[in-house]
Amino acid sequence: MASGAAQNSSQMACDSEIPGFLDAFLQDFPAPLSLESPLPWKVPGTVLSQEEVEAELIELALGFLGSRNAPPSFAVAVTHEAISQLLQTDLSEFKRLPEQEEEEEEEEEEKALVTLLDAKGLARSFFNCLWKVCSQWQKQVPLTAQAPQWQWLVSIHAIRNTRRKMEDRHVSLPAFNHLFGLSDSVHRAYFAVFDGHGGVDAARYASVHVHTNASHQPELRTNPAAALKEAFRLTDEMFLQKAKRERLQSGTTGVCALIAGAALHVAWLGDSQVILVQQGRVVKLMEPHKPERQDEKARIEALGGFVSLMDCWRVNGTLAVSRAIGDVFQKPYVSGEADAASRELTGSEDYLLLACDGFFDVVPHHEVTGLVHGHLLRHKGNGMRIAEELVAVARDRGSHDNITVMVVFLREPLELLEGGVQGTGDAQADVGSQDLSTGLSELEISNTSQRS
């Protein structure tokens, strides 16, 4: 079973940090926020739909608590408790009346189906729920906030590169169960990379909502791959509604990996990719969606669209991806339906690598193992900065795109040196590009290496 081990020493250090964090927090915020008090963290837009509230407040909470260096396990637990309390209240007081605008009648009918809530009011109410929970926990921190966390070494690096804007986003969520209050015996960890185009809105939205939507799928426990597929579909549907309301035109490809017990489940849209390395050999888990793929080309043409070769293969002469969240004006040719696959883990797996096309367009799969092994040799088994080196390789090879690389070690990096590089070719997994489950802020450079 490929999973990190809970580290008691790390947890003891975390436990000792919680009282100090609570004391400092309540000293800075001695009372709930009044209506006149400035909000201590950026509000996610002006309005939220009912379906968006939980995910957006989770993002707000984790960003705010992270900025105050809250212990990670505590941040997840207090976020879950505060949001649970807020969602049990009547949110109708935050309902926003639609603005009076001259709109097409059809658009007005569509808007009427969505209840919009005031984001600023929700954020203020949530901060007060957070304050209330922290006040209660200052007296007695519950065991759930001190529960041992599974340890993962995750190396992440992202750069804007030569592009004007950074449109990539990524998610590293080893405490998936704790964040969503899942109490079964299956440990779950979630990792994702989203590669936006035409703006950052879609990538940011997907990085906030896909895992929250997945957590609510009934199939999460019985068919996780199907749950991930549905989470992508639902996120696309929600973002399209937002895009029509706010006149957004962006889209995003994406890839995610959910480790659930002794199984790995992946889902993807577009050309962001994930590979698994096992005993020094690349295991191909997926086939990226590209317009030149014969099945994708046939699907697009059957809908009345076309695929043409310009500087690269493009859908309807515009987008270089055939599936994505968003891209409201290219639906249904650019599909929001993800593919998914599953694989049992044996404990012999080395690491996962998730990356956008800014990396994989210039670094083929079969070169990854050699690059990682060389880095570990030079750094005596320390994998903390491996993602940074992989990004540098892609940049030096001429990638001009945003580049994001995430390496999730499934074994201690030092152990990987003992066997050497056993193979550099691709091994085809027993999963393909179909569902076989039954067989952070916009920064130019983001570097994260963590035990989480």
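Note that Cβ sites are derived from N, Cα and C of the backbone, with glycine treated the same way.
Feature annotation from Swiss-Prot assigns domain 'PPM-type phosphatase' to 153-410; the stated evidence is sequence analysis.
Residues or ranges marked as Mn(2+) 1 binding site in Swiss-Prot: Asp195, Gly196. The local packing around Gly196 (Mn(2+) 1 binding site), expressed as other Cβ atoms within 10 Å of its Cβ over all shown chains, amounts to 28.
The Mn(2+) 2 binding site feature in Swiss-Prot is assigned to Asp195, Asp357, Asp401. Other C-beta atoms found within 10 angstroms of the C-beta of Asp195 (Mn(2+) 1 binding site) number 31, with every protein chain shown included.
Here Swiss-Prot flags Ser452 as phosphoserine, drawing on similarity to another entry.
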Item to check | DSSP three-state assignment (helix, strand or coil) for Asp195 (Mn(2+) 1 binding site) | outcome: strand
Checklist outcome for this item: All chains considered, the count of other Cβ atoms within 10 Å of the Cβ of Asp401 (Mn(2+) 2 binding site) is 22
Checklist entry - Around the Mn(2+) 2 site (Asp195, Asp357, Asp401), what further same-chain residues have their C-beta within 8 angstroms of the site's C-beta centre? => result Asp168, Thr253, Asp271, Ser272, Cys356, Gly358, Phe359, Asp361, Asn402, Ile403
Item to check | Cα-to-Cα gap, Asp195 (Mn(2+) 1 binding site) vs Asp357 (Mn(2+) 2 binding site), nearest whole Å | outcome: 8
